[in-house]
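Trainee: This structure is in structure tokens; I'll ask about it shortly.
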Amino acid sequence: MTEATRLFMYGKIHRATVTGADVDYVGSITVDPLLLAAAGIYPHTMVDVVNVTSGERIQTYVIEGPAGGGDICLNGAAAHKFRAGDLAIIMAYEQVPLSQLPGRVSRAVHVDGRNQAVSVDKHVTPSLEDLGRNSRLGEKYRSVPEAEKA
């Protein structure tokens with residue numbers, strides 16, 4: 001019998017600023033490859049993209065933009081759901097056998113207002129027996145001051 005699996009969020013880029021939205025480009029989201037590497041996300045990987053500003057949520061695939069430029073550009077039909085200046089969360093997933101979930105690491109890349117990585121949090125998945133020992137209740141994201149966005 002095959003072991004059950006779960007869809008596991010292994011990497012995300014948290015609260016990146018959308019730099020563009022191009023309806024005429026053929027699909028996808030363009031992301032700075034330095035951010036992709038920090039989150040462990042490969043090009044052409046399917047991702048969920050959440051628009052923190054509007055509440056929209058889409059699914060697309062990643063292509064890499066120029067390194068170091070901080071590009072986060074929604075392309076094709078997805079461009080109708082995002083505007084430059086919106087905040088977005090980009091999340092990638094993998095199917096993982098249940099027995100391999102405890103101890104598995106998920107990475108969260110935090111960026112500044114110019115989409116440069118400022119920190120990478122690594123969260124270790126607990127076993128069911130250890131749930132509740134590392135509660136993150138009350139964690140809030142610190143907004144980036146306007147001065148850091150320029």
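Each Cβ is built from the backbone N, Cα and C atoms, and glycine gets one as well.
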Trainee: From THR53, THR60, grab the residue that TrEMBL records in the same substrate site as GLY76, ALA77, ALA78.
Mentor: THR60
Trainee: Counting other CB atoms within 10 A of each CB, which of the binding-site residues ALA77, ALA78 comes out lowest?
Mentor: ALA77
Trainee: Report the same-chain neighbours of SER28 (active site, schiff-base intermediate with substrate): residues 6+ apart in sequence with Cβ closer than 8 Å to its Cβ, ordered by sequence.
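Mentor: For SER28 (active site, schiff-base intermediate with substrate), the qualifying residues are THR60, TYR61, VAL62, ILE63, ASN75, GLY76, ALA78.
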Trainee: Counting across all protein chains shown, how many other Cβ atoms sit within 10 Å of the Cβ of TYR61 (active site, proton donor)?
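Mentor: Its Cβ shell of radius 10 Å holds 12 other Cβ atoms.
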